[in-house]
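Enquirer: First the structure, then my questions, so here it is.
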């Protein structure tokens, strides 16, 4: 009658998460909320949580890739803290980044000092 109401109005577009817009698995909305609640700054830009989520996702993927390789080397199909420890400590850059981090149930890297190894003598080769 008077042209009011929702006749012929456009249907609202399907909601799309910021993570899917950015092509990420990590939750951009949650990272944004945590940045706002954490009192890091008075205001948080729209791109900051996307960038931070992307960085966190990349680091996680890198560590899991190396830990998966460590698990496969040990003939295991499940990644355990020991595999994470081996992955991080054997990678120079990750070891520097996570140098002060302790991983529970991670153990230590196998390492025997060179002076403790048996000496290789050539006495039995020269028996003339």
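Quick reminder: no glycine exception, Cβ is built from N, Cα and C everywhere.
I grabbed these lines from Swiss-Prot:
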type	residues	note
REGION	1-22	region 'Disordered'
MOD_RES	2	N-acetylserine
MOD_RES	4	symmetric dimethylarginine
MOD_RES	4	citrulline
COMPBIAS	7-19	compositional bias 'Basic residues'
MOD_RES	10	N6-lactoyllysine
MOD_RES	14	N6-(beta-hydroxybutyryl)lysine
CROSSLNK	14	ubiquitin cross-link
CROSSLNK	16	ubiquitin cross-link
MOD_RES	37	N6-crotonyllysine
MOD_RES	37	N6-(2-hydroxyisobutyryl)lysine
MOD_RES	76	N6-(2-hydroxyisobutyryl)lysine
MOD_RES	96	N6-succinyllysine
MOD_RES	119	N6-glutaryllysine
MOD_RES	119	N6-(2-hydroxyisobutyryl)lysine
MOD_RES	120	N6-crotonyllysine
CROSSLNK	120	ubiquitin cross-link
Enquirer: Tally every other Cβ atom lying within 10 Å of the Cβ atom of residue 119 (N6-glutaryllysine).
Expert: 5
Enquirer: By Cβ count within 10 Å, point out the most packed of the recorded positions listed: 10, 16, 76, 96.
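Expert: That would be 76, with the highest Cβ count within 10 Å.
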Enquirer: Under the DSSP assignment, what numbers of helix, strand and coil residues are found in the compositional bias 'Basic residues' (7-19)?
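Expert: The composition, in the requested order, is 2 helix, 0 strand, 11 coil.
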Enquirer: Going by DSSP, is residue 96 (N6-succinyllysine) sitting in a helix, a strand, or coil?
Expert: helix
Enquirer: According to DSSP, which kind of secondary structure is residue 120 (N6-crotonyllysine) found in, if we only use helix, strand and coil?
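Expert: DSSP assigns residue 120 (N6-crotonyllysine) to coil.
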Enquirer: Does anything in the same chain, at least 6 positions from residue 37 (N6-crotonyllysine), have a Cβ under 8 Å from its Cβ, and if so what?
Expert: none
Enquirer: Please report the three-state DSSP label of residue 37 (N6-crotonyllysine).
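Expert: It is helical.
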Enquirer: Let me know the DSSP-derived helix, strand or coil state of residue 76 (N6-(2-hydroxyisobutyryl)lysine), please.
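Expert: In three-state terms, residue 76 (N6-(2-hydroxyisobutyryl)lysine) counts as coil.
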Enquirer: For the C-alpha pair, I'd like the distance in angstrom between residue 16 (ubiquitin cross-link) and residue 120 (N6-crotonyllysine), rounded off.
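Expert: On Cα coordinates alone, these residues lie 67 Å apart.
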Enquirer: Suppose we draw a 10 Å sphere around the Cβ of residue 14 (N6-(beta-hydroxybutyryl)lysine). How many other Cβ atoms does it contain, all chains included?
Expert: 5
